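According to TrEMBL, the protein carries these features:
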{"type": "SIGNAL", "residues": "1-22", "note": "signal peptide"}
{"type": "DOMAIN", "residues": "24-221", "note": "domain 'GH16'"}
{"type": "ACT_SITE", "residues": "Glu107", "note": "active site, nucleophile"}
{"type": "ACT_SITE", "residues": "Glu111", "note": "active site, proton donor"}
{"type": "CARBOHYD", "residues": "Asn115", "note": "N-linked glycosylation site"}
Amino acid sequence: MASHYLWSLSFGLVMLLAGALAAAPRKAIDVPFGRNYVPTWAFDHIRYLNGGSEIQLVLDKYTGTGFQSKGSYLFGHFSMHLKLVGGDSAGTVTAFYLSSQNSEHDEIDFEFLGNRTGQPYILQTNVYTGGKGDKEQRIYLWFDPTKDFHTYSILWNLYQIVFYVDDVPIRVFKNSKDLGVKFPFNQPMKLYSSLWNADDWATRGGLEKTDWSKAPFVASYRGFHIDGCEASVQAKFCDSQGKRWWDQKEFQDLDALQWRRLRWVRSQHTIYNYCTDRTRYPTPPPECRRDRDI
């Protein structure tokens with residue numbers, strides 16, 4: 001009994017110290033769209049509201065639309081407030097992601113897969129390294145993302161990538177280069193967002209098609225927060241390495257509360273995780289245990 005008490009006390013102290021060494025991201029600072037972003041295609045399908053503090057992307061049967069960041073970034077904290085397409089959104093995809101610009105590109109994805117009225121949205125995340133992805137995870141959100149704005153963020157440093165929804169971590173991808181797993185570390189990335197028709201795969205594997213009688217489909221954006229190490233596309237390292245808040249020791253791992261929240265997402269809201277797909281991966285990928293996905 002005494003040994004169990006001492007073990008519990010020691011475990012509690014370890015967790016307390018872990019919490020002291022880790023921290024939640026700083027609060028994002030909202031700015032107008034034009035501060036950090038520019039349209040990329042179908043300019044006439046972007047609506048500007050409140051002096052550019054809010055924009056709407058519009059998808060109709062002719063075209064979708066999108067935008068990208070002005071700068072390229074090598075690590076940082078990136079955040080967006082999003083209200084997704086309401087009603088019957090089957091076949092549509094709203095994406096918010098980072099991507100480099102070459103054939104063996106790196107990419108960090110949020111993809112929101114539309115659904116029939118009354119059915120929940122699916123949020124898919126993925127990480128590409130050296131042009132290869134196949135690391136999909138899918139969750140149902142614990143709220144209706146079409147009724148109000150919610151915050152979707154990515155923390156990316158040399159140690160980990162963390163996906164957040166309203167400050168709740170929904171996924172961690174650790175730097176596991178020591179295990180032979182590639183990690184995005186030397187390719188600056190731009191941020192992109194778009195709304196487009198993907199009814200060949202987005203909803204029930206393409207079985208549910210876009211109902212164009214419900215068009216136009218509208219996704220709304222606010223926030224436009226970027227706090228990253230800006231670099232030229234050719235840059236291979238961040239010149240402020242180790243000096244930014246998101247680069248400090250407390251952001252090399254999650255704290256105890258964040259790990260508990262992530263376990264809750266895994267147990268209550270995850271509907272697909274490549275780490276547990278034994279058809280695709282009879283042997284779990286080496287990063288999965290470190291990322292606490294198995």
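Heads up, the Cβ atoms here are built off N, Cα and C, so glycines get one too.
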Other CB atoms within 10 A, centred on the residue listed as 'active site, proton donor': 19
Cα-Cα distance linking Asn115 (N-linked glycosylation site) and the residue listed as 'active site, nucleophile', given in Å to the nearest integer: 25
Count of other CB atoms lying within 10 Å of the CB belonging to Glu107 (active site, nucleophile): 19
Same chain, 6+ residues apart, C-beta under 8 Å of the C-beta of Asn115 (N-linked glycosylation site), given in sequence order: Ser89, Ala90, Tyr121, Ile122, Thr203, Glu208
